[in-house]
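K.L.:
Annotations per TrEMBL:
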BINDING   ARG46, ASP103, GLU104, SER105, LYS145, GLY162, ASP163, HIS240, SER241  substrate binding site
BINDING   HIS116, HIS141, ASP142, HIS214, HIS240, ASP273  Fe cation binding site
Amino acid sequence: MTILIPHQPHFGFEVEEKGNIETEKDLIYDEGFVMPHANSFGHNFRDYDAESERQEGVENFYRTNHINQTYDFVKRMREEYGKLDKVEMSIWECCELLNNVVDESDPDLDEPQIEHLLQTAEAIRKDYPDQDWLHLTGLIHDLGKVLLHPSFGELPQWAVVGDTFPVGCAFDESIVHHKHFKENPDYNNPTYNTRFGAYEEGCGLDKVLMSWGHDDYMYLVAKENKSSLPSAGLFIIRYHSFYALHRSGAYKHLMNEEDEENLKWLQTFNKYDLYSKSKVRINVEEVKPYYLSLIEKYFPAKLRW
Ligand SMILES: [Fe+2]
Ligand SMILES: [Fe+2]
């Protein structure tokens, strides 16, 4: 792996974190893995002691997320990260990067992260043996979490994980902890607070800005590196945390026909994403050649991140 720019961009937001939001947020909402943001992860984790405190942590996480994910913030992040000037590495190297960091820092996760990624992929492979693109999508859909790593700007948790939602139009009531949007500057901005906001009926989700996180980042990486994954694979990567859409059916007025088709695949995928925490052990070395062949098929050798 070549670390090109180990810098830490400043995006002008306040990092507001409390307790061990990192850990429990991900465990609850993002199927169980996380890279430590910051120095004091271990310390915080040992201090952790109550269910009520944990829920407070989750709510605090979403409060910070909902206040800071504005239309302008998302535009800035897409511009910054769309440059892909942080790191050069292959998909497999990225899996290992996530793996190593998690191993060092989270003693409560009892299996390497790469197994979690492979569990999703292998479960899909078993049921859809002919859809090799879907196997690879399972493997890579969470790789955007490297945004938490210092080489990628070490973004705070609220800008990397958690449910995602459109910005630039009204926040749907089905979004978790919706009430905290009242403190988002866009909430009272007439350009952005109507049903369609900055968009038009049936314009297609591709035209819609989503709150910034690991989904949209990995989508940008795949697209800009000219991956030949089919449109449904890119759609899954980009919207797998968009629960308001794939669980609650909100925002359909912004979708076009292609989105409707892709949504079916996303809903299929989501089942595997959720249940991949099963304790089925995967022999990494055994399946690695298969996934390396898929990476070679759908991605150039080295990717810019
Ligand atoms: Fe995810
Ligand atoms: Fe996932």
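Placed from the backbone N, Cα and C atoms, the Cβ positions cover glycine too.
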K.L.:
When you measure from each Cβ to the nearest atom of ligand 1, which of the binding-site residues HIS116, ASP142, LYS145, ASP163, ASP273 fall under 6 angstroms?
P.N.:
ASP142
K.L.:
Relative to ligand 2, which of the binding-site residues HIS116, LYS145, ASP163, HIS214, SER241 have a Cβ found under 6 Å from one of its atoms?
P.N.:
none
K.L.:
Nearest by CA distance to ASP273 (Fe cation binding site): which of the binding-site residues is it, out of LYS145, ASP163, SER241?
P.N.:
SER241
K.L.:
Could you state the whole-number distance in Å separating the C-alpha atoms of HIS240 (Fe cation binding site) and LYS145 (substrate binding site)?
P.N.:
13
K.L.:
Have a look at the binding-site residues LYS145, ASP163, SER241 and say which one has the shortest Cα distance to HIS214 (Fe cation binding site).
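P.N.:
Of all the candidates listed, LYS145 is nearest in space.
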K.L.:
Among all protein chains shown, how many Cβ atoms are found within 10 Å of the Cβ of ASP273 (Fe cation binding site), not counting that one?
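P.N.:
Other Cβ atoms within 10 Å of ASP273 (Fe cation binding site): 21.
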